[in-house]
Amino acid sequence: MAIQEIRHPLIRHKLGLLRRADISTKNFRELAQEVTMLLTYEATKDLPVVDCEIEGWAGNVTTQRIAGKKITIVPILRAGIGMLDGVLNLIPSAKVSVLGLERDEATLEVRTYYKKLVPDVANRIAMIIDPMLATGNSLVAAIDVLKASGCKDIRVMVLVAAPEGIAKVEAAHPDIQLYTASIDNGLNEHGYIVPGLGDAGDKIFGSVQKD
């Protein structure tokens, strides 16, 4: 599995701000989108381009445009929604597919409770977005769904990842590409990434419980 931890100075700076315990919902949303934009830049560096001719202000100009495959962004509900605008700011024409996953309390297995994929998803690059890669169970399930729908080029962007989750995904799907702002130390006894970001979904949606 191709794993890239993007250690750009801007990402390091913004990630440090995201980790603050006293961060506001507004700032968390904005920083999450900004880091996502920087990850998107890296995750799309290998897209093919072709020359095309346009009429410029001083005559015809040869420029380039992205060629070939189109893209669908796949946020995992609910926290993945907080990264969506960060991708759309750079790829406004991308189509959006949505996956909702939850753990079945009886079997402890991850199940899909919501799935809305674009009709031609099999012919698109699928870019999964989710702030946290912790145990890896949800991400493995999401990739399973996309592959079952015919997707062949699957890329994942997460803000922070735990080594345990990376290992789980790599064992199940060694052919995907993973981009993250940070590979953190690991999971604590409660399954939270350390140092991590806390509950990214709560911080994005403003549902953090106050003491």
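Here, residue 1 is simply the first one shown, and the rest follow in order.
Backbone N, Cα and C atoms are what each Cβ position is placed from, and that goes for glycine too.
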*Among ARG65, ARG78, find me the residue Swiss-Prot lists at the same 5-phospho-alpha-D-ribose 1-diphosphate site as ARG103, ASP130, PRO131, MET132, LEU133, ALA134, THR135, GLY136, ASN137, SER138, ASP199.*
ARG78
*Among GLY136, GLY198, the one of these binding-site residues whose Cβ has the fewest neighbouring Cβ atoms within 10 Å*: GLY198
_Distance, GLY198 (uracil binding site) to MET132 (5-phospho-alpha-D-ribose 1-diphosphate binding site) (CA atoms, angstrom)_ = 10
*Closest to ALA134 (5-phospho-alpha-D-ribose 1-diphosphate binding site): which of the binding-site residues ILE193, GLY198, ASP199, ALA200, going by Cα position?*
ILE193
